[in-house]
Amino acid sequence: MLCVAGARLKRELDATATVLANRQDESEQSRKRLIEQSREFKKNTPEDLRKQVAPLLKSFQGEIDALSKRSKEAEAAFLNVYKRLIDVPDPVPALDLGQQLQLKVQRLHDIETENQKLRETLEEYNKEFAEVKNQEVTIKALKEKIREYEQTLKNQAETIALEKEQKLQNDFAEKERKLQETQMSTTSKLEEAEHKVQSLQTALEKTRTELFDLKTKYDEETTAKADEIEMIMTDLERANQRAEVAQREAETLREQLSSANHSLQLASQIQKAPDVEQAIEVLTRSSLEVELAAKEREIAQLVEDVQRLQASLTKLRENSASQISQLEQQLSAKNSTLKQLEEKLKGQADYEEVKKELNILKSMEFAPSEGAGTQDAAKPLEVLLLEKNRSLQSENAALRISNSDLSGSARRKGKDQPESRRPGSLPAPPPSQLPRNPGEQASNTNGTHQFSPAGLSQDFFSSSLASPSLPLASTGKFALNSLLQRQLMQSFYSKAMQEAGSTSMIFSTGPYSTNSISSQSPLQQSPDVNGMAPSPSQSESAGSVSEGEEMDTAEIARQVKEQLIKHNIGQRIFGHYVLGLSQGSVSEILARPKPWNKLTVRGKEPFHKMKQFLSDEQNILALRSIQGRQRENPGQSLNRLFQEVPKRRNGSEGNITTRIRASETGSDEAIKSILEQAKRELQVQKTAEPAQPSSASGSGNSDDAIRSILQQARREMEAQQAALDPALKQAPLSQSDITILTPKLLSTSPMPTVSSYPPLAISLKKPSAAPEAGASALPNPPALKKEAQDAPGLDPQGAADCAQGVLRQVKNEVGRSGAWKDHWWSAVQPERRNAASSEEAKAEETGGGKEKGSGGSGGGSQPRAERSQLQGPSSSEYWKEWPSAESPYSQSSELSLTGASRSETPQNSPLPSSPIVPMSKPTKPSVPPLTPEQYEVYMYQEVDTIELTRQVKEKLAKNGICQRIFGEKVLGLSQGSVSDMLSRPKPWSKLTQKGREPFIRMQLWLNGELGQGVLPVQGQQQGPVLHSVTSLQDPLQQGCVSSESTPKTSASCSPAPESPMSSSESVKSLTELVQQPCPPIEASKDSKPPEPSDPPASDSQPTTPLPLSGHSALSIQELVAMSPELDTYGITKRVKEVLTDNNLGQRLFGETILGLTQGSVSDLLARPKPWHKLSLKGREPFVRMQLWLNDPNNVEKLMDMKRMEKKAYMKRRHSSVSDSQPCEPPSVGTEYSQGASPQPQHQLKKPRVVLAPEEKEALKRAYQQKPYPSPKTIEDLATQLNLKTSTVINWFHNYRSRIRRELFIEEIQAGSQGQAGASDSPSARSGRAAPSSEGDSCDGVEATEGPGSADTEEPKSQGEAEREEVPRPAEQTEPPPSGTPGPDDARDDDHEGGPVEGPGPLPSPASATATAAPAAPEDAATSAAAAPGEGPAAPSSAPPPSNSSSSSAPRRPSSLQSLFGLPEAAGARDSRDNPLRKKKAANLNSIIHRLEKAASREEPIEWEF
């Protein structure tokens, strides 16, 4: 009731207030009329009458004055009361509270009466109880009954126990039988293993004998060749001798010829001699010539013979050299296979003992469970332990339940069901299924061609199946499980290998279609090693898919979805590894499978693969382990590991095990990788032991066995490394070469590999969890092979040759070697691979060892690093090129590569001085995967997601944890996803399994089982580096999370000018920002230096952004290196908002804050790259922007810069105008623009175009008629005004953008300020749309538009108070002559330029033309008061009330402020203001404003009498 009465009272008060205001206006009008009438009376009446009436009129006037004074005081008192009433809080809550208290009091009375009644009943019960006590007879009877019941219960228990005992005995007998069966199977397997060892030994002996034969053949051939060469050499010598003899003869003949010539001359002299002598001479001469020609022919023939002999000799040399190299290659290949076999035997020396121990342990500890048969042989120890534990628990529970059988039979069912369900969730893969369909498992792409393992080498299968990429259950839990199964599979496959015979052929051409080698042209034309025919193209062979076999696609899709959900495998992983398709395609296929008959050949492929995938449990488990590892290491993206999509599609089979193998060479590497994996899993197990004591209970013996294996392996590897050390010392390989070599070797794997063995040197000290590519897949053309295999032993020269050969190969192959080539080499030529692998492994060890010495962890970086290193750039160039570190080892290689050249470029290199600082890209949120137990606990319960998210939000708020950290550390999600999930949680029933996982994680986090590292711990700082990282993270994070903290200066903000930050101060404030998580405003204000006395004082400032020199130059780069991942899109968005809100230019911001040109800033803000794609240099601007956004005084500092630039510009303009030198160099301005401009300082700026007032008027009139003029109009205007067309175009463009900007600022302020639109009458609002109202003020308070309106003064945006324009009075509608500019034009020249031709601030808004009668006094005053902080209030257009309006302007804002407070205060006091309230407030504001104006108005006119 009271609330209604209050509302009514307020309405009445509003009404009375409006009435008062209206009356006030009326009294004003009547008063004016009275004054007019009194004047007329004074003029018209005779003087004597005036004298008689004067005292009466004066008394009337006095009375009227008194009355008006009284009414004003009364109105003032009313206003005071009214204001207080408006501020009175709502009494409704207090009344509600009173009512509640009253209800409570009534309830208390009721409770008291109830208590009284209860006491009475209690007394009655006490009496009854006393009576009952006396009845001992009944008690005796009850005791007898109890005895009888106990007797019956005992009998029942005994009978049940007897039955149970019988059942247990039967079970025991059954289990014993099964145990015997398993023992039989293990003995058979042991025999198989012995067979395998024998076959290996025979194979070894055979290869040895073959090797010896080859050696003898090689020796024979070499001796034969040597003999041939000797013979050829002797022939050559003979030929040379003959040639020399011929030359000698030729010389003698030449001598004879010269003598003959001489004799001829003599003969010619003796002409008078007889004819006989002449005839003789002629004869002798002709015979000499014939002889000479014959000799010359002989010489030519001899020269040809010599050349022919030399050619044949070179040919022979080349042939023999090639044959020798081939023989050497064969020899080295045989040597390497021999070595591998020996190492394999060594490695498997204690294999039998371990196997025996494990089998004994199994047979002693665990009797096999029901319904398994041979499958149980494959079950690892932990699974058996768990099953035994469960069976014992269930038996125990069953006994307990049977004891309490009388009371609760229902409870037993409840316990049995989950017990029976659990073992099913962890199925052990039976390897006994493997031999049944080996061909089906390895079927090729099309799903039909059988690929028999009989034709493959044992290395192929042992490496593919024993590689650590197939942990058969989630990590840590089943270390022994995975080890045992791998070894069992290895034994089976190597047994299968025996059938292929021990010939040197690795692939037989028969049993499988050539199409299984996914080779594409150009290599298709070349037959492979064993003369196998080139395969037909993919498209031809794809037609051979069996069309007859129908499949139920819907059923297959359903089964796949079930398996994926059951094992928590994502569709992306499934699509990637099994189908070779994207996540979207997989989702489409599984959601809407087409019927079989409607599918194309290509469309049927995925279903073949899915069927193959479902056919074997191994595939599913392998994929599950990959999924688990992906969740552990989400930073390594799939794209990085597997870039060859077409290759993957060609070679993909439904059987996952053939696709996930690493291309390792030889079983020795495989064994090493098994041991490495076992070691890792043991470590994981140790850490997991406290959490899972039951699983670790019986694994003591097996742990010791595995440890002994590991120690032996380590000893062997240390011995190998010791053998390699001398080679390492002498090998002439620079560190950089090795750094290149290692990544190249590690980055060319052709197969999709998940994890393979790391280089030996790394694996000794630091087992790598990151996936690496195998080293064996490097393409090996003969030239490289020859070099790599020249040294079969471990001589240092050989290692160096190999490394240099690989280097050369890297250089050649960087541009052109394709993935198909890698694949072809890995698939078709495994023996060549094996031959090269030992040398490459050496090279890897070399790389690994040296890198360890230099502080890097050794590993793969990007090919771009290799390229840049080959070309030899400086470290700074190298850093510019460096992509965001994509490889797990890139961090170390960056360190090692740039370590040497750091001294050259201390400033340029963005490396931190300490190698502790992490520099690799911040990984995506990584969280450990949930265990199956955690899933089971919550997955099938109904969880209240709304309540859960509420609790999480409360806990986050209480502990001050931001959503980004929570998302990264607990949920593995981005901040956006977390925010979305917490604000709008879906109901549990509508969530998929993947969607439920975050909520399960939240629940576990609330229970304290997950992500405890997220909670802030006081006083734990790990060294200064980490401290600086966290301190940086806080201000950055503060900026990221709360976008409200962005400073937005309103139109009224115009602080006093201050100088830009000097270099030292800026560094100081930067470091303060970094070290204070929430920078206090006072501290950053202190960092601003006082205003310099004269402009040239800042000459000494360097021209870099936030200038950093010497030590501080590193600080910003260290910040960049240590900064967490930033949201570049969010930062640029907020920067753009702040710049537009405050009318700041990108040029100023770029030069002052970022040290970039306007173009670069514009590009950065328009198209920001994501953080992880940026180099360190590219991240710097974003870190600077973030620091700038976090600085509370950022806008003010830029404003100061802008004002100083403007002042400098104005000075320059004035001086240039006065000296008639329009092209004066802009020396003063450049002092203030802190950015290093691209042009040198002495270059001249273009002069600014300054338009005359009449030109501006004409252009404005043209604009009002047509804001977008046609080219013809532009040309006409240009000719009329004698301007360039470009100037006119620019003026229109600038004018349009200025008006748009004003409207935009106006809207922003109207939205952000409570008092916006204070006098926004509907007519004024409608006037806003009209193009003629350019004079609207920025605050949203316009002059009233009507037939007699004049445009009032227009306040400028911030920082433009110096350029305020005086509005034109109505009389000056015509443009004044150029000689006598109007009052506003004198100043108009200074800032109302035409188009901006050079860099510089945009022209300020122009005043519109004033075309009508004066505005009403109130409106003029209102608009003058609208922008209180923007400089002097402008005089209104109408001359009479101008004094009053200007004098009352300062007073009004304060009264408004006292009534409504400033917008910030209002926002803080009541943030729930809805638009309705705002309108109401604005309306009241206008009424009170008018009343106050009337009350406080000084009398403008005195009484006449």
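FYI, residue positions are counted from 1 along the chain as it appears here.
Each residue, glycine too, has its Cβ placed from N, Cα and C.
What Swiss-Prot records for this protein:
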type: DNA_BIND; residues: 542-629; note: DNA-binding region
type: DNA_BIND; residues: 934-1021; note: DNA-binding region
type: DNA_BIND; residues: 1117-1204; note: DNA-binding region
type: DNA_BIND; residues: 1244-1303; note: DNA-binding region
type: COILED; residues: 56-407; note: coiled coil
type: COMPBIAS; residues: 396-407; note: compositional bias 'Polar residues'
type: COMPBIAS; residues: 516-546; note: compositional bias 'Low complexity'
type: COMPBIAS; residues: 694-703; note: compositional bias 'Low complexity'
type: COMPBIAS; residues: 815-853; note: compositional bias 'Basic and acidic residues'
type: COMPBIAS; residues: 1036-1049; note: compositional bias 'Polar residues'
type: COMPBIAS; residues: 1050-1066; note: compositional bias 'Low complexity'
type: COMPBIAS; residues: 1316-1333; note: compositional bias 'Low complexity'
type: COMPBIAS; residues: 1353-1368; note: compositional bias 'Basic and acidic residues'
type: COMPBIAS; residues: 1384-1394; note: compositional bias 'Basic and acidic residues'
type: COMPBIAS; residues: 1405-1436; note: compositional bias 'Low complexity'
type: COMPBIAS; residues: 1443-1455; note: compositional bias 'Low complexity'
type: COMPBIAS; residues: 1467-1476; note: compositional bias 'Basic and acidic residues'
type: CROSSLNK; residues: LYS785; note: SUMO2 cross-link
type: CROSSLNK; residues: LYS811; note: SUMO2 cross-link
type: CROSSLNK; residues: LYS842; note: SUMO2 cross-link
type: CROSSLNK; residues: LYS1284; note: SUMO2 cross-link
type: MOD_RES; residues: SER763; note: phosphoserine
type: MOD_RES; residues: SER909; note: phosphoserine
type: MOD_RES; residues: SER1059; note: phosphoserine
type: MOD_RES; residues: SER1069; note: phosphoserine
type: MOD_RES; residues: SER1270; note: phosphoserine
type: MOD_RES; residues: SER1337; note: phosphoserine
type: MOD_RES; residues: SER1455; note: phosphoserine
type: MOD_RES; residues: SER1486; note: phosphoserine
type: MOD_RES; residues: SER1496; note: phosphoserine
type: REGION; residues: 396-455; note: region 'Disordered'
type: REGION; residues: 512-552; note: region 'Disordered'
type: REGION; residues: 646-669; note: region 'Disordered'
type: REGION; residues: 682-704; note: region 'Disordered'
type: REGION; residues: 768-802; note: region 'Disordered'
type: REGION; residues: 815-930; note: region 'Disordered'
type: REGION; residues: 1036-1110; note: region 'Disordered'
type: REGION; residues: 1210-1247; note: region 'Disordered'
type: REGION; residues: 1312-1480; note: region 'Disordered'
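On the structure: features taken from Swiss-Prot.
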residue	record	CB count, 10 Å
SER1270	phosphoserine	9
LYS1284	SUMO2 cross-link	13
SER1486	phosphoserine	17
Worksheet, complete the sentence: The correct DSSP tally for the DNA-binding region (542-629) reads 64 helix, 0 strand, 24 coil
Worksheet entry | Mapped DSSP class for SER1486 (phosphoserine), helix or strand or coil | helix
Response to the item:
Rounded Cα distance in angstrom between SER1486 (phosphoserine) and LYS1284 (SUMO2 cross-link) is 49
Worksheet item: Taking just the CA atoms, what is the gap between SER1270 (phosphoserine) and LYS1284 (SUMO2 cross-link) in Å?
Response: 15
Item to complete: For the DNA-binding region (934-1021), give the DSSP counts of helix residues, strand residues and coil residues.
Response: 59 helix, 0 strand, 29 coil
Discussion item. Need one number: mean pLDDT over the DNA-binding region (1244-1303).
Written reply: 90
